[in-house]
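Visitor: Just dropping this structure here.
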Amino acid sequence: MTNIDHVALTLSPTSITSITGGVGGDESNLSRKSLRRSWNQLPRCQRNLIIMALTAFIFTALLFLPGDQLINLKDIRLKPAAAPFHIRRESTLQNPHHHPSIEKENELPGDISAAVASPMTDESRLIKTKPAEDKLDGGVAYADANFAENVAKLPETVAVGNVNGIIDILNNVEQPIEQNLENTISDTSNLRSELEEAIRQPFKLSQVSIESHLESMDTQLAKAQHFHGATNERQSAVVAAFKHSWAGYKKYAWGHDNLKPVSQTAHEWFGLGLSIVDSLDTMYIMGLEDEFNEARDWVKNSLHFHTNRDVNLFEVTIRVLGGLLSAYHLSGDKMFLVKATELGNRLLPSFLSPSGIPYSDVNLGERSAHSPKWSPDSSTSEVTTIQLEFRDLSRSTNVPIYERVVNVVNEKIHALDKSHGLVPIFINANTGTFRNYATISLGARGDSYYEYLLKQWLQTGRKDNDNLILDYMQAIDGVLTQLMRRTPREHWVYIGELINGHDFKPKMDHLTCYLPGTLLLGHQNGMPDSHLLLAKDLLDTCYQTYLRQPTQLAAEISYFALNDKEENDIYVKSNDAHNLLRPEFIESLYYFYALTGNRSYQDMGWNIFQAFEKHSKVAAGYTSLGNVKNTLNTRMRDLMESFWLSETLKYFYLLFSDNRKEIDLDKWVFNSEGHPLPVYHQ
């Protein structure tokens with residue numbers, strides 16, 4: 001814009017004559033000189049205002065021109081990450097080795113083959129000491145590890161150059177249009193205005209009631225799935241455990257969040273009937289029709305979200321939103337989707353942060369959100385473990401706002417600097433940055449970030465959001481090189497933590513035992529053999545955390561020897577000896593059985609189920625324990641968390657099924673609370 005006032009309307013007499021010719025040109029020349037004198041006599045500020053007005057007019061006119069006059073899709077050569085989504089997607093297809101926002105050196109050449117994990121038939125591996133020759137020095141990864149930059153390109157599902165097919169997919173009214181997250185200012189403003197509108201009217205979609213909106217798309221709604229109930233003694237035993245738990249909850253805590261089975265009272269957390277909503281799909285899968293219908297009626301008549309009370313975005317999303325969506329998809333009952341949509345609208349205030357990273361706490365009644373009271377930061381796993389549910393809500397309602405806000409989170413997390421693909425466990429919702437020197441862990445506050453990278457990729461049909469799978473692969477490379485260790489004598493593989501981001505600590509939460517199943521699921525979908533090796537070794541270690549306790553139940557946290565001077569390779573500190581009825585290891589056993597067919601994993605699970613029956617079962621349900629190290633003094637903690645009903649018993653039931661595809665993992669993906677959601681192939 002420098003000296004722009006000296007550029008306008010300056011034409012030489014020769015030029016004017018050549019244009020107009022003859023006498024007419026002279027008259028025109030005089031007229032133009034007069035205009036020029038008048039222009040120069042204007043104050044500079046007025047001339048600048050006129051030029052700015054003309055410039056604004058021209059840009060406005062360009063914006064309203066039809067898109068095909070501005071961009072030729074066949075010839076576009078924009079940088080993919082900067083292009084609008086439909087152009088970026090076409091460019092990716094024309095160059096399948098390129099993935100948006102990833103530098104060239106991180107591209108994935110070659111092909112990923114669909115590899116099914118081979119069964120582990122050597123049952124002696126379950127307890128035996130590891131051979132010394134398998135020992136790795138420090139954190140050195142497996143010798144045959146295939147790092148992200150060396151692994152094949154993602155599978156191509158659309159022919160290269162088939163632009164029309166992609167445009168048809170993107171224009172399909174049954175799927176929300178994914179938005180490019182490097183939006184212009186106007187697009188960002190539009191997203192915020194849509195957010196505010198949804199928050200303002202939580203009972204509406206597209207300016208009509210939720211019910212009316214869903215009526216208009218009736219043919220696209222879910223159809224009921226069919227299950228046959230227990231088919232063997234082990235499954236029947238799990239059903240009996242569920243019915244015992246449910247009877248105690250119904251008698252002593254009906255409508256409240258959790259049961260306290262020892263004192264036979266209720267425990268309240270969010271006031272949302274967590275145990276009911278969390279259990280819906282478990283009852284449906286088990287064929288408990290009477291209990292399911294009873295719970296359905298409570299949801300319809302008594303589940304309300306207008307209470308003036310703070311709740312945790314992550315917990316309510318995975319338990320309540322996920323539970324409602326799963327119940328909808330399995331039963332085909334539209335009522336569950338209506339409830340889920342209202343809840344989704346009431347959770348949206350969390351995304352009105354300055355950075356787009358959601359606040360952790362939201363008041364469903366007031367529809368306001370804020371950071372946790374104990375810290376300005378949110379847990380990284382919490383803000384990255386809501387995407388499956390919000391995306392499914394968009395796909396189920398054909399309303400893109402829910403998917404758009406969580407895609408913003410994905411893109412922002414992807415853009416942040418990481419340590420070998422690993423993330424700190426705290427992130428600030430105001431600044432959108434990780435906390436400096438925070439711990440790096442695959443346990444509490446970090447675990448499900450890695451889980452949802454893979455599962456989101458599977459949910460979207462393994463072809464969109466390529467950054468998700470690239471980030472996942474780079475993260476597992478980081479696990480192999482930075483966090484994986486073996487114990488000095490028995491060579492058990494475990495995943496430690498990096499305190500302050502760099503100091504290794506040989507501590508592993510039971511939460512981390514989700515990882516073997518996730519790794520195997522990834523290997524089933526084309527991840528390298530190093531993932532399979534780590535999955536098998538880590539599963540064995542997790543099983544040891546059960547077998548080595550007198551109760552045969554794992555502690556919340558286990559520690560591992562760093563050198564030969566320590567007495568035990570695996571040990572538990574007194575303050576960490578509690579067991580909360582957690583599901584993570586049972587979840588991994590289920591994946592190993594479902595994907596390999598090896599029934600030895602069923603036997604491992606049966607041993608653990610019997611330990612729960614022996615030590616956790618009480619008159620009114622099942623209780624968490626304070627001490628797994630002493631069978632005579634387990635110190636019952638008097639709480640039955642809703643995930644016992646939602647996850648632990650569900651995974652036991654599926655693990656013991658005669659049909660390992662009772663839930664087809666090619667068609668369904670489990671959220672972090674054990675709720676199955678459908679895979680979308682577009």
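A Cβ is built for glycine as well, from the same backbone N, Cα and C atoms used for every other residue.
Automated prediction, rather than curation, is the source of TrEMBL annotations.
Taken from TrEMBL, the feature transmembrane segment applies to 49-67. Look at TrEMBL and you will find E315, E556 tagged as active site, proton donor. Per TrEMBL, active site is recorded for D447, E584. For C513-C542, the entry in TrEMBL reads disulfide bond. Annotation comment: TrEMBL describes S672 as Ca(2+) binding site.
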Visitor: Determine the most Cβ-crowded residue among the disulfide-bonded residues C513, C542, using a 10 Å radius around each Cβ and all protein chains in the structure.
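Guide: Highest number of other Cβ atoms within 10 Å: C513.
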Visitor: If I take the alpha carbons of E584 (active site) and S672 (Ca(2+) binding site), what is the distance between them in whole Å?
Guide: 10
Visitor: Tell me the Cβ contacts of D447 (active site) under 8 Å, same chain only and six or more apart in sequence, or just say none.
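Guide: In sequence order, the residues whose Cβ lies under 8 Å from that of D447 (active site) (at least 6 apart) are S381, S441, D509, L511, T512, Y514, L515.
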Visitor: For S672 (Ca(2+) binding site), identify the closest of the recorded positions E315, C542, E556, judging by Cα separation.
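Guide: Of the recorded positions E315, C542, E556, E315 has its Cα closest to that of S672 (Ca(2+) binding site).
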Visitor: Are there any residues in the same chain, six or more apart in sequence, whose C-beta is under 8 angstroms from the C-beta of E556 (active site, proton donor), and if so which?
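Guide: In sequence order, D509, H510, D576, A577, H578, N579, L580, R582 meet the Cβ cut-off.
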Visitor: Including all protein chains displayed, how many Cβ atoms other than that of E315 (active site, proton donor) lie within 10 Å of its Cβ?
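Guide: Its Cβ shell of radius 10 Å holds 18 other Cβ atoms.
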Visitor: About how far apart, in whole Å, are the alpha carbons (Cα) of C513 (disulfide bond) and E315 (active site, proton donor)?
Guide: 20
Visitor: Just how many other Cβ atoms lie inside 10 Å of the Cβ on E584 (active site)?
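Guide: I get 24 for this one.
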